[in-house]
């Protein structure tokens with residue numbers, strides 16, 4: 001009697017387990033359908049955003065005469081790069097997730113779905129590492145291409161006031177911005193000649209004739225020496241404006257006198 005009651009209880013438990021399993025399988029199929037709908041919406045939205053970012057990067061690469069691949073790897077526009085790579089990972093992840101879910105639903109096995117989750121995680125981790133790799137240069141600075149630096153240097157050396165340039169650096173700040181730094185060896189004779197061209201030499205000569213003691217000589221030298229130094233500052237401003245006008249990407253121009 002006791003054995004019969006135990007068998008009856010066991011049969012009831014098995015029946016409940018069986019019916020519950022059948023019910024859950026029906027719910028899982030329903031959940032898969034909902035998941036496919038959500039994944040489809042995600043694919044459309046992320047794909048559209050990716051296309052916008054890709055078109056922006058292609059346009060930027062064309063403006064600086066670079067291939068799209070080099071433009072992305074050099075991180076020329078970090079903000080657009082992040083959007084492009086994140087949406088690319090999202091699109092690939094959606095495709096992988098949908099495929100693995102489809103295999104799981106056909107084989108009634110959770111293993112493909114679990115492997116798909118691991119694969120999507122690896123994709124996201126790889127993209128995150130690549131974003132760090134391409135954007136770290138924007139944080140610590142990176143030299144601009146040697147060809148571009150030589151063009152800026154050549155423009156600077158053509159100026160009549162500059163005898164030579166030293167310790168030249170061109171740092172790529174990202175987003176088409178450059179920080180340019182150089183030490184200038186000014187030509188003192190050219191600077192003085194430019195100063196004298198702005199003076200009335202007859203008046204200067206009269207001032208010289210009036211010098212009959214050390215104090216007047218000192219006053220004369222201090223006056224014109226101060227004016228020449230002020231003029232040097234104006235010449236530096238002129239050179240910086242000329243560089244920025246010809247090379248608009250130069251955001252910071254730091255020119256120092258040796």
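Just so you know, the numbers here start at 1 and follow the chain as drawn.
Backbone N, Cα and C atoms are what each Cβ position is placed from, and that goes for glycine too.
Automatic prediction, not curation, is the source of TrEMBL annotations.
According to TrEMBL, the feature domain 'Cation efflux protein transmembrane' maps to 37-140.
Taken from TrEMBL, the feature transmembrane segment covers 35-57 (among others).
Within its own chain, the transmembrane segment (78-106) has Cβ neighbours under 8 Å at 29, 32, 35-36, 39, 42-43, 46-47, 49-50, 53-54, 56-57, 60, 72, 112-113, 115-117, 119-120, 123-124, 126-127, 130-131, 134-135, 138, 174-175, counting only residues six or more beyond its boundaries. The feature transmembrane segment is assigned by TrEMBL to 78-106 (among others).
Summarising the annotation, TrEMBL assigns transmembrane segment to 118-141 (among others).
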Lying 6 or more residues past either end of the transmembrane segment (35-57) yet within Cβ distance under 8 Å of it, the residues of that chain are 68, 71-72, 77, 80-81, 83-84, 87-88, 90-91, 94-95, 97-98, 101
Within the domain 'Cation efflux protein transmembrane' (37-140), residues counted as helix, strand or coil by DSSP:
93 helix, 0 strand, 11 coil
